[in-house]
Amino acid sequence: MPISKQKWIAYAQLMRFDKPIGTLLLLWPTLWALFLSVKGMPDLSILSIFVLGVIFMRAAGCVINDYADRHIDGAVKRTSKRPLATGAATPEEAKWLFVLLVFCSFILVLFLNTYAIVLSFIAVFLAFIYPFMKRYTHLPQLFLGMAFGWSIPMAYGASIEALPLECWLLFFANLAWTVAYDTQYAMVDRDDDLRIGVKSTAILFAQYDNKIISLLQIVTLFFLGLIGYLSQLHTSYFVVLFLATLLFVYQCKLIKDRERESCFKAFLNNNYFGAMVFVAFLFGIFFDKL
């Protein structure tokens, strides 16, 4: 029996193909790691595998997230129109779609070295457990940070078969950044989450949310600056990184009054930060070769 057009649309929405921001936020640190690990242009086959892997795994993460939240999404204004909440897709379909996406990702990983294959099992584990953490801890954003950042050690493993200090500095820079921007995202849903009993850093940080987000952003910049110093990147890296800092200043102004629309706008702005840091790495790496 052929799949209807409505089902294809529901599956695409389950995978968030209509909202690419999450894919971009996962892609940027992956690109940082791929270029920084080799201090130049990564192998095109490895680059292609990781870009496709980002698309598949982000889609898988969205599907399992909606499956985990299928009983509460209908009670939250922002998520009430998701396919599982409306019945456009079934939980059984979501489970099979998740398995298919993880399988496709694993097929891609098999074209990498053993180092990356071993690390990929941790990636799947983190992607699977993250959606359920909001029921047990106020720190689900920390688990998202680990899940979104695990592409960094995988990139190093695939490229140089080693996980040097630089790799972990980049991982923790991304971890702090992810917790910061996902807290901004959680601020949008805070009232609904309090009502239905879902946990988040936005609830945990309470009236200190703005200050802690700013602190996390400072930590992100510190680690990125330290990477540039230890890796002896070209001065242009630090110039572009400074310009990226201005985006954090802008975000702090947006979330100051904790309005839903402004917090969501601040969250979306992080795409530009990730892109600017990527440009900073390109300048720092390639200008040094001139």
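Quick reminder: no glycine exception, Cβ is built from N, Cα and C everywhere.
These features come from Swiss-Prot:
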| type | residues | note |
| --- | --- | --- |
| TRANSMEM | 21-41 | transmembrane segment |
| TRANSMEM | 44-64 | transmembrane segment |
| TRANSMEM | 84-104 | transmembrane segment |
| TRANSMEM | 106-126 | transmembrane segment |
| TRANSMEM | 142-162 | transmembrane segment |
| TRANSMEM | 212-232 | transmembrane segment |
| TRANSMEM | 235-255 | transmembrane segment |
| TRANSMEM | 267-287 | transmembrane segment |
Establish whether the number of Cβ pairs under 8 Å between the transmembrane segment (21-41) and the transmembrane segment (106-126) reaches at least three, counting only pairs separated by 6 or more residues. no
What residues elsewhere in the chain lie close to the transmembrane segment (212-232), defined as a C-beta under 8 angstroms and at least 6 residues from its ends? 36, 39, 165-166, 169-170, 172-174, 176-177, 179-180, 183-184, 201, 205, 238, 241, 245, 248, 251-252, 255, 277, 280, 284, 288
